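Here is what TrEMBL says about this protein:
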type: COMPBIAS; residues: 27-43; note: compositional bias 'Acidic residues'
type: COMPBIAS; residues: 55-64; note: compositional bias 'Acidic residues'
type: DOMAIN; residues: 107-595; note: domain 'K+ potassium transporter integral membrane'
type: DOMAIN; residues: 610-853; note: domain 'K+ potassium transporter C-terminal'
type: REGION; residues: 1-66; note: region 'Disordered'
type: TRANSMEM; residues: 105-125; note: transmembrane segment
type: TRANSMEM; residues: 145-168; note: transmembrane segment
type: TRANSMEM; residues: 233-255; note: transmembrane segment
type: TRANSMEM; residues: 275-291; note: transmembrane segment
type: TRANSMEM; residues: 298-322; note: transmembrane segment
type: TRANSMEM; residues: 351-372; note: transmembrane segment
type: TRANSMEM; residues: 379-401; note: transmembrane segment
type: TRANSMEM; residues: 421-440; note: transmembrane segment
type: TRANSMEM; residues: 473-496; note: transmembrane segment
type: TRANSMEM; residues: 502-524; note: transmembrane segment
type: TRANSMEM; residues: 531-552; note: transmembrane segment
type: TRANSMEM; residues: 558-579; note: transmembrane segment
């Protein structure tokens with residue numbers, strides 16, 4: 001009771017602080033409340049000090065007790081001292097709020113050039129594909145087709161994406177893997193078993209509160225975490241959606257450029273389809289060649305061009321409405337959709353594949369969200385993009401009411417342009433088509449970077465094209481690969497209708513994946529009413545399935561090429577994820593026993609040479625087997641060993657002050673530490689090896705000082721009885737900025753009267769602990785000796801010891817497993833970038849050892 005009252009008093013003093021963030025955690029009913037507030041590292045250090053060198057990273061036993069929810073604040077971890085010195089993670093939305101008027105206008109132009117290019121060029125080809133599948137037989141067919149297009153635009157881009165899906169972003173990141181990352185952060189569904197409890201304490205993690213009243217979300221979470229089949233199904237769904245998004249990055253440039261250049265056949269009667277294809281190929285080569293200049297530069301350059309394009313759409317639409325037939329406004333009555341299907345039946349159903357093309361680019365809005373704020377995308381779409389698109393389609397329909405021959409219907413847009421403005425509009429349309437192609441290519445880059453960080457895509461060279469916006473990237477290999485496949489598609493399928501069918505398949509695959517993932521987000525994270533969730537799922541997934549049934553009917557016409565490409569990309573991601581998971585699990589099984597390390601003694605059975613050895617590995621716990629290989633292969637080992645694990649966590653950004661997580665791996669005399677360097681999937685790793693070493697050593701020194709400070713405040717009571725309770729209830733931390741923090745209470749906050757708090761804490765500690773002065777002096781000397789040891793080791797040099805672990809299938813394995821592991825995964829691993837490629841380490845500081853595991 002005394003401990004509980006102490007915690008209650010501390011909570012009341014700290015609850016008023018703005019910096020306090022509440023969250024919900026799981027706790028065993030039988031556990032003591034104070035013990036739950038201690039960090040995992042603190043528990044490990046206390047066991048180390050009590051047990052005389054016990055392993056501080058031994059695996060915890062499975063927790064089978066019942067769980068309940070208690071309210072706590074951020075728990076202390078070894079990196080939290082550094083985290084206290086910084087405000088929080090940098091968020092894009094806050095940055096945009098501080099922009100001036102001029103910068104906001106520039107940003108609006110960039111938004112047009114990057115996000116809305118794809119959906120903005122849909123009037124070029126939507127009616128073309130629709131009326132090719134369902135020829136116009138009268139005015140009612142035009143009204144019915146227009147009604148389909150209007151309500152598709154309203155339901156999918158506006159209602160689904162702008163009003164709902166954009167809010168499911170992951171701290172400003174959009175796309176399939178951003179949704180998967182968001183789900184992984186709230187439920188342990190990632191198949192790679194490298195999660196740590198401390199990951200949830202990153203300030204940018206920000207878990208939502210699973211309310212006790214809504215037990216549905218907790219049941220879903222438990223079901224997802226305990227079912228391996230559901231985890232695999234979720235991963236398969238994400239990989240399928242991502243492969244379709246990459247395929248979308250191939251077909252979007254082909255469709256946009258071909259349809260724009262196809263206008264030449266209207267302006268110049270002698271132009272043939274073969275010449276249109278050749279010009280399109282030239283445009284595509286130019287398009288992919290300028291990708292390397294980045295989103296900011298290109299977006300600002302083409303933003304005004306796209307603004308002119310939208311204004312042209314609106315102006316042409318208004319002109320045609322006034323000149324030809326304003327009665328097309330009847331299309332806002334949805335009953336005309338029923339009449340359209342009643343007259344055309346099967347042909348009308350096939351025309352749905354063309355109607356969907358008006359909503360292409362909706363997924364690009366979400367995937368490209370990382371470049372801009374949600375609010376800016378929403379406002380731009382509602383007040384500029386959507387009205388211009390609606391006027392553009394209304395104008396084409398008004399023109400077709402008087403000119404509904406098959407030839408004019410196939411080129412409805414260019415035919416409806418006034419003759420005096422044809423060539424200026426043609427020029428702007430081609431610029432807009434090139435911009436639209438960039439929108440989806442940029443989205444593909446973002447999605448691949450996210451999937452790479454989450455272990456689902458081979459590591460590739462990523463170039464960051466902007467110093468201000470860390471999310472703007474360029475991936476050379478993917479860029480040229482997309483160009484090659486795009487050229488193959490254009491040269492083999494020269495028909496706009498067939499390319500449009502392939503476009504619909506890729507777009508719908510991504511849309512259906514997004515619908516399912518957002519539904520999980522609604523249930524697990526948003527925790528909204530089940531009726532709303534089911535309505536969203538049934539309405540939008542039902543609409544998309546109907547569209548999908550329409551485009552699948554045309555697979556045999558040539559759009560199968562894009563399906564084959566998507567299957568290949570799915571296979572690559574699946575093989576990489578399977579091999580990475582198998583490799584990690586094998587390294588966990590093969591890790592060295594702590595008993596063996598303790599038997600070797602502080603010298604580890606060899607000579608300890610001055611210096612620091614950074615051993616890179618992927619394990620977040622335990623001593624990797626590659627370390628034993630170093631001990632038996634090298635004549636000496638460094639006096640200080642730090643196991644470094646570069647780990648990506650499912651958050652966009654990890655603040656620099658929370659980058660490193662340190663732990664002692666062995667007793668103090670061994671001088672062995674573990675460092676987990678954590679990065680978000682949006683983080684930029686551009687530091688050189690000197691900067692990385694300096695930051696790492698500084699963080700290690702802070703960790704050691706904090707450990708010594710905690711030890712000086714511990715009670716000298718009976719270790720076998722109430723050691724943990726005393727330890728957890730009396731720890732006080734004085735941060736580098738002078739603020740006082742109690743480590744035994746759940747909420748961290750700054751005391752209002754710092755000097756009074758320090759004196760009170762010191763008085764109470766002196767009364768309770770009663771350390772003799774010589775003990776304090778010995779502790780200080782021990783701290784200084786260890787810090788001096790680190791400085792001398794640093795002066796002697798830092799060596800990077802890289803252990804490359806490869807896997808091979810056992811001889812008795814199945815043939816398929818041998819094929820996947822020994823050939824496909826080995827090929828991908830051989831040709832991808834190494835995990836430490838971003839650290840420009842000179843060869844004189846580098847030592848590599850390979851090791852092969854049989855799986």
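Glycine too: its Cβ is placed from the backbone N, Cα and C atoms.
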Do the transmembrane segment (275-291) and the transmembrane segment (145-168) come together with 3 or more C-beta pairs under 8 Å, pairs six or more apart in sequence?
no
Close approaches to the transmembrane segment (298-322) from elsewhere in its chain (Cβ under 8 angstroms; 6 or more beyond its ends):
106, 108-114, 116-117, 120-121, 123, 290-291, 328, 371, 384-385, 387-396, 398-399, 416-418, 421, 425, 428-429, 431-432, 434-435, 438
Leading stretch by Cβ pairs under 8 Å, where the reference is the transmembrane segment (558-579) and the options are 233-255, 379-401, 421-440, 531-552:
233-255
Contact call for the transmembrane segment (473-496) and the transmembrane segment (233-255): at least 3 Cβ pairs under 8 Å, seq gap 6+:
yes
Counting only residues 6+ away from its ends, which parts of the chain sit with a Cβ under 8 Å from the transmembrane segment (351-372)?
92, 96, 107, 110-111, 114-123, 125-134, 145, 148-149, 152-153, 156-157, 160-162, 165-166, 169, 172-176, 178, 245, 248, 252, 255, 295, 299, 344, 381, 389, 393, 436, 439-440, 442-444, 446-447, 469, 471-472, 497, 500-501, 503-504, 507-508, 510-511, 514, 546-547, 550-551, 553-554, 652, 682
Who are the long-range neighbours of the transmembrane segment (379-401) in its own chain, taking Cβ under 8 Å and residues 6 or more past its ends?
108, 111-112, 115-116, 119-120, 122-123, 126-127, 136, 139, 142-143, 145-146, 149-150, 153, 157-158, 162, 310-311, 313-314, 316-321, 323-329, 331, 358, 365, 408-409, 412-413, 415-416
Looking only at the recorded stretches 145-168, 233-255, 421-440, which one has the largest tally of CB-CB distances under 8 Å to the transmembrane segment (502-524)?
233-255
Return the average pLDDT for the domain 'K+ potassium transporter C-terminal' (610-853) as a whole number.
72
